[in-house]
Structure formats: structure tokens, C-alpha cells
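Only one structure is covered here, and it is reproduced in the block below.
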Amino acid sequence: MTVVIIFRVLLLIAVRTKLYEAFYRPKPARANIITLALEAANFALSFGFIIVRSVKLLFISAFYIGRIDTPFLAPGVGNPWGYFELDNYPTIFTKDILAHEAHRHPFIEMLGTVYMLKLRHGDYFGSRAGSCWRLIFVFALMPWLSKYRLMTRANMRDEGMTIESERSSINFVSLRNLVPPDNEIQCRPDSRENAGKEAQDQSPVPANDSSVLDRNEGAPDEVDVETDGPSFSSAHEKAIWLEHKNAVLELEVKELKRKLLLLEMKVHRRSSLPQLKT
């Protein structure tokens with residue numbers, strides 16, 4: 001096969017220098033005849049390669065008749081001398097695939113894309129928020145990959161790490177509004193809106209305004225409802241206090257959910273650690 005390839009390359013070099021000038025063929029008739037002859041030679045060589053390989057396979061199989069310890073397609077069959085292969089077409093085919101596909105591997109393409117995006121966007125690519133979303137993606141779809149990260153922290157229990165200490169190191173940038181930290185759990189009503197409402201409630205009633213007095217006289221007495229909170233001078237202040245208390249309760253529920261999530265993550269990390277045999 002090597003002799004055929006060398007002879008073919010030398011023949012093509014000689015023919016191209018005689019029949020071609022750049023992209024122009026000064027003698028098209030001769031060029032067409034040579035092209036037809038080369039195609040016929042390709043067909044004959046293909047047929048010849050098939051016959052030669054069939055003879056090689058029959059010759060190799062003759063040495064393995066009656067062998068039950070080694071399959072005919074096992075590695076090393078057809079290579080009795082170690083360095084010379086009688087049937088080297090599978091090796092040639094594998095090398096050709098590797099030579100063409102090595103530079104178009106999906107992992108290499110993805111790594112190149114990451115490098116290009118990092119060069120283009122700079123600090124805006126691969127930020128801390130992206131790392132948090134990557135961790136969420138790994139925990140949701142591929143949790144078994146986290147064991148390598150946890151195995152590097154084998155002394156986690158010796159360091160006295162608790163849920164509260166881990167919570168201070170976790171910072172979900174994109175989920176900050178959903179799960180606020182401890183120092184942000186405050187509920188303060190809008191000062192401008194409440195200032196306007198309090199000014200409206202505390203405005204003095206004119207003495208000559210009889211309509212207001214009539215409404216106050218005809219209105220039924222308010223029923224005092226016992227509550228755990230302080231006493232209120234008006235219903236508006238009471239509504240503000242109830243709204244404030246409701247908001248505080250909602251934030252406490254969110255805080256409890258966040259603690260439950262951290263506890264589940266802690267349990268998941270401990271369960272994914274390799275069990276030590278005692």
C-alpha cells in the first residue's frame with residue numbers, strides 16, 4: 001500500500017506540471033483522459049485491496065483453526081511477530097478517525113468556547129452568580145459529581161462546621177431577593193406613605209364643621225377586640241400594626257424554610273461522603 005501511494009503521488013506531480021497551469025488547463029482533452037485513467041486505477045486498486053485483504057484473513061484464520069482459548073477477533077490476532085501486522089486496515093482506520101476527530105471533540109470545543117467567552121466578557125463571565133447556578137445545576141442533575149469536592153473536605157467535621165457557619169459562607173447572589181440574609185430581615189413600612197396617613201388622621205377637626213360631628217355622633221361605638229399587641233388610638237394604626245406583624249411572620253417563615261434547606265444540604269453532603277468501614 002505504501003508503494004502504491006508513493007507511485008500515485010509522483011505520477012500526479014508529473015501530470016499536474018504538464019497539464020495544468022494554476023487553475024487553467026491548456027490541454028483539456030489530455031487532462032480528461034488522465035482523469036479517467038486515474039478513476040479507473042482507483043477502481044482497480046480498490047478491488048485489488050479487497051482481494052489482498054481476503055487472502056490475508058484466510059491466511060490468519062488458518063493458524064487459529066481449533067483454537068478455543070483465543071477468539072479470532074481478539075486484540076493481537078494477526079500480529080504474530082509483535083511489530084508487523086498482516087492486517088493493518090483496522091489500525092489505519094482508527095488512526096484516520098483520531099486524526100480527523102481529535103480537533104473537533106465536543107469537550108475541546110466547549111473548553112474553547114469557555115476561553116473565548118472569558119476573553120470577550122472578562123469579569124462578567126464566570127462570576128460568582130454563575131458559579132452558584134452551576135452548583136445548583138450539579139446538585140439537581142448530577143449529584144454524584146459533588147463527592148469529589150466533599151472528599152477534599154474530609155476534616156469538615158473536625159473543624160466544627162455547623163449549619164450557621166456554613167450559612168455565612170453561602171451567598172446566593174441571584175436568589176438574594178428570594179432568601180434574604182439575617183441582617184435584612186426587617187419590616188419597615190414606607191415612611192412617606194405612613195407619614196401622609198398619620199398627618200391625615202391627626203389633622204384637627206374644625207369646630208364649626210357640623211357634618212363631621214353628626215357623622216361621629218351617629219356612628220356606632222367600635223367594639224374593642226382583644227389582641228396581643230399594644231393599644232391603638234385609631235383603626236388605621238391598628239391596621240398598620242397588623243400589616244407589619246403579618247410581614248414579620250412571612251419573613252420568619254422564609255427564614256425557617258432557608259434553615260430547612262441548609263439542613264437538607266448538610267444531610268445530603270454527609271450521606272454522599274464515602275462510608276468508612278469500621
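From the backbone N, Cα and C atoms, a Cβ is placed for every residue, glycine too.
According to TrEMBL, the feature coiled coil maps to residues 239-266, out of the candidate ranges 15-42, 71-98, 239-266. The average per-residue pLDDT of the prediction over the coiled coil (239-266) is 83, rounded to a whole number.
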